[in-house]
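Everything below concerns the one structure shown next.
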Amino acid sequence: MEAEESSSSVVPLPQDVQSVVRGGFRCLLCGVNIPNRPSLTDHLSGRRHVRLHEERDKRNQQQERSVYVSNFPRETSEEQLRDVFQKISPVRNIVMDKDRGLYAIVEFESKDGMCAALEEPQIKLSGKRLRVKPREKKEFQRKKGGSPRTLQPPDPEALSKELLNCADVEQQIKKLVSLCSPSHHESHLRELLLSLLQETFTEFFPGCQLLPFGSSVNGFEISGCDLDLYLDLGDDEAENVEGKAEKEIQNREESSTDMEVSMEDPETERKEEEMEIGNSKNDEDEDVTPGLSLKGLSSEEILEVVGKVLRHCVPGVHGVQSVPTARRPVIHFQHKTSGLRGDVTLNNRLALRNSSFLRLCSDLDARVPQLVYTVRYWARVNQLAGNPFGGGPLLNNYALTLLVFFFLQTRNPPVLPTLVHLREETANEVPQVIDGWDCSFPSDPAQVKESGNQQSLSSLLSEFFSFYASLDLHLLILCPCNGLTIPLPFSSPPPAWSEGFRLGPLNIQDPFELSHNVCGNVSSRAARRFISHCAAAARICRTPNYNLHSTSHPWGITPILLPPPTERECVGRGGTEISIPLGGVSPEKTYAAVSKVFVDVLLCTLEEGREDSCQEGKALELSTKHAKAQCKVEKNEVGGELGEQEVPCKAEQNNTKEASKQKSIFKTEEGMTESARRKREMTEPCMSDMTNGKKRRLEFTRGIWDHHLATSAMEEEMCGEAHKDSKTKIDYSNNGTAQWELLVWHRVWEGRRKERRRKQKGEADGVELEIAVSQALALEKEDKCDGPLMKLILTAQLTVKESLQLYLTPKFDPQGLSSTFFHFLESYLPRMVAQIQGCGDPV
């Protein structure tokens, strides 16, 4: 009865929302997944959903009161069509096919006007009968980014070919800067467009100034970058705009969708865009005339007026879209002839000062822009930055630039001085205060002393990636103003600016507006990807190929700048990373637990990294008393010192050393504890049921397993002394990084829950149960292959914040099994390690 009442009280889902099989909901309108009901309620009332809902309703209403008109002379004007249809019913808007003049969309004030036009038997223009039919109703879709612009930096493939011909890494970086910088022709186009816009705005707003900022002027201009413009309307108008805007900004919450608007492709969607722009008001009835007075208007109204001037009075400008809800209200536009895109803001004097500061830093040391260009391109290729709509969860170019600045400030000696140091050096400068923030710094680079740092570009780039891979960024605020970090949470009392500072997974304080987190929009996933890609790039920079010139394969910065392979290009090639918390346990014991899971539980084989599969230096060195005792047992029989994880896996090794291996196992078996014997007895019935085809492979696995059972037996007998005097350590000379080859022999991750339920009826528990499950699954699965199913590269890195970071990358995966194996490991491995260490619940 209670179930019936609860089911009847469930609120029905809106038509735009559907339930997801695995739980949660999906908003079809916004294209996002929502985990639960409270989040769904928040989403439905959120700005993005409401905006799209209103936009869809508006589009549907347009379609219902519009007709499609064709068969008119090519020279027909909009006014002529308006005169014809105005006689039938009041016309709201007309959009014509200006390119070819083949059709027009006529929108009436009401649906009755559309019906009246369709009922007219004959509608003529200049004696020619017009074809009038209902407008085709298209399903509403969220706007997506338009087609790529012709003005773009080189693609990674073309760039890599150019970089291969360079002599060293420094030349590669300089070549990258040269290829990404805009050409003289593009720079000239920007100047012409700026002049055209200035001339137009001056006509309508006498005394105004149009000032460029951002990448166009800060020394880090890239081909195809947007033209950022600040429209200064004069003292009176600026005070009117900025005073009201600041109040709105204080009450406006930043979000990743603040500027999430689209710039539609002009050739395919321009007609629909123009219809939308004109839907709210008839622009013909609201003339935009020169000499406008903006006094008394709100910031949104002024933004709307400026948008109309752009839309109707600047030749070649289209796709004009106002975003009054952004942190800094902005107008996006495109210029068809030049292919440039631009943004106009009305209250962004702080951005002008920011751009001047970036320009100063760019001029102080030639290495600064070269590193910024390289890091920006790296982030773009790896999809870490470059939000296509101005907002979004990724890093922006300004944030990347500040990351480079902060890194250069922390070198010894610093490559760049901090802003605080610059102010101390030039105390005689006139103070610059904008919106209450101190924006003072030297105006002339000659006033600043040269840096004493003589590091090469290749060294600095390598250190950049290692630096950020080693930081726990979610627990720090990076402050480029003074070159320091602030640990989180704030100490008491917190700094004055902390009240408005929006904390997130990545925190970079704006050097001037101290309460602004430049990375406030960055999502947790984007922050994690940034750190993992930094770690991957750092590993590449530590390989010999980084500084070793080659004409046959990528070297230097080329491997860093190549995009990762897509899923279509190589199924299962994508790797994964798994974090194992140390939890107060030593790194050596944590690694031993990880090894036990892979080898004992999952029946895999671990081999030390070799030169062909590990170019990054030394592997983990195991030299405990435990290992020495084990080596004494096996020294003569096996013919070499077999460490804990050094297990032979090749067929010839199996054949030549089988007798000695069995002898070794026999010797150590006498020292087994009762616990180890129980492990052995659990698997013997399974072994007796093997078929001949499986026996060879599983006998080898059994040999490995018996070898480690004997090892664990010795551990139990020696646990006190062995751990007390342990010398096991990770080789920190390679930044605490080690690498092995992991061979996967059996698909023991498939059907594991079912088999575990079956085995739980017995006496086995914990790790013993998991081993029994794997043995049973290995017998059941028919993996008909002579070699391993997969070969993976396992990299372990000890992080600063008490965790062991594991990276698994497929090396050989013909069946594409690695993706499902990785998915299984992401939750299974940390839980099993915690259980082995005695601080976790059974799996």
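Quick reminder: no glycine exception, Cβ is built from N, Cα and C everywhere.
Features reported for this protein in Swiss-Prot:
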BINDING   S215, N354  ATP binding site
BINDING   D226, D228, N354, R376, Y398, H516  UTP binding site
BINDING   D226, D228  Mg(2+) binding site
COMPBIAS  134-146  compositional bias 'Basic residues'
DOMAIN    54-126  domain 'RRM'
DOMAIN    456-516  domain 'PAP-associated'
REGION    134-157  region 'Disordered'
REGION    241-292  region 'Disordered'
REGION    564-837  region 'KA1'
REGION    653-691  region 'Disordered'
ZN_FING   25-55  zinc finger
The domain 'RRM' (54-126): DSSP-derived helix, strand, coil residue counts: 29 helix, 19 strand, 25 coil
For D228 (UTP binding site): DSSP state (helix, strand, coil): strand
Cβ-based isolation winner (fewest other Cβ atoms within 10 Å) among the binding-site residues R376, H516: H516
Composition by DSSP (helix, strand, coil) of residues within the domain 'PAP-associated' (456-516): 21 helix, 10 strand, 30 coil
Which of D226, D228, the listed binding-site residues, has fewest other Cβ atoms within 10 Å: D226
Whole-number Å value for how far Y398 (UTP binding site) lies from N354 (ATP binding site) (Cα to Cα): 10
Predicted model, mean pLDDT over the zinc finger (25-55): 84
